[in-house]
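Swiss-Prot has this to say about the protein:
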type: BINDING; residues: Q38, Y39, R40, A41, K42, N70, S109, K138; note: 4-amino-2-methyl-5-(diphosphooxymethyl)pyrimidine binding site
type: BINDING; residues: D71, D90; note: Mg(2+) binding site
Amino acid sequence: MERMDLSLYVITDEKLLEGKDIYSCIEQAISGGATVIQYRAKNKSSKKMYEEAVVIKKVCRKYDIPFIVNDRIDIAIAVDADGVHLGQDDLDVEVARRILGFEKIIGLSTKKIEDVIKANSLPVDYIGFGSVFPTSTKEDAVYAGLEKLKEVMKISVQPVVAIGGINEKNLTDLLKTGCRNVAVVSAVFKDDNIKENTERLKNIMENFT
């Protein structure tokens with residue numbers, strides 16, 4: 001698969017987007033500089049997830065941005081998403097690869113150095129590592145810190161996307177580790193200024209030296 005731009009990886013949040021126009025929210029994030037969109041919903045019916053995924057895929061296709069579905073391979077297949085992102089307790093990566101083939105993207109969450117080492121021999125396109133900072137969007141997240149991220153950057157053979165509590169205030173410190181790919185949730189969808197929030201993150205990344 002052609003290497004994709006993982007630099008500003010935006011993940012949806014069902015609580016933050018509750019009652020809002022999903023198409024408009026995703027379009028604003030993309031207009032602000034998002035390079036990947038991941039749809040994550042843990043507490044919705046399959047029917048509702050399918051309906052929302054169809055909408056998100058439509059806007060991602062309009063702007064030629066990769067669309068990833070969190071966990072649910074069935075939803076990803078149903079809407080012909082570009083790929084899936086799996087957690088450590090989700091479907092085995094090698095099984096997912098057999099189902100999806102090598103044209104689709106598979107990402108894998110990692111929390112520990114051991115997870116990263118194991119992922120090196122798995123058929124994944126990138127890994128997510130974190131939580132790098134304390135986060136409010138995942139209650140069970142383990143805080144890893146920047147020193148661990150530095151280790152991961154040296155060990156991983158796949159592109160690394162840092163995740164967890166990343167915002168305008170700590171992004172520069174994160175970039176100093178050498179990591180150039182970040183996943184964000186609240187930093188983008190915390191209020192109605194989605195495009196502006198995304199633009200500020202993008203500007204920090206582009207101006208970092």
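Yeah, the Cβs are placed from backbone N, Cα and C, and that goes for glycine too.
Positions of Swiss-Prot features highlighted on the structure.
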residue	record	contacts (Cβ under 8 Å, 6+ apart)
Q38	4-amino-2-methyl-5-(diphosphooxymethyl)pyrimidine binding site	Y9, V10, I11, T12, F67, I68, V69, N70, H85, A183
Y39	4-amino-2-methyl-5-(diphosphooxymethyl)pyrimidine binding site	T12, M49, E52, A53, I56, F67, I68, V69, N70, I75, A81
R40	4-amino-2-methyl-5-(diphosphooxymethyl)pyrimidine binding site	I11, T12, D13, E14, N70, D71, H85
A41	4-amino-2-methyl-5-(diphosphooxymethyl)pyrimidine binding site	T12, E14, K48, M49, E52, N70
K42	4-amino-2-methyl-5-(diphosphooxymethyl)pyrimidine binding site	E14
D90	Mg(2+) binding site	D71
S109	4-amino-2-methyl-5-(diphosphooxymethyl)pyrimidine binding site	H85, L86, G87, Q88, D115, I127, G128, F129, I163
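According to DSSP, D71 (Mg(2+) binding site) is assigned to coil rather than to any helix or strand. For N70 (4-amino-2-methyl-5-(diphosphooxymethyl)pyrimidine binding site), the count of additional Cβ atoms within 10 Å of its Cβ stands at 21 [all protein chains shown].
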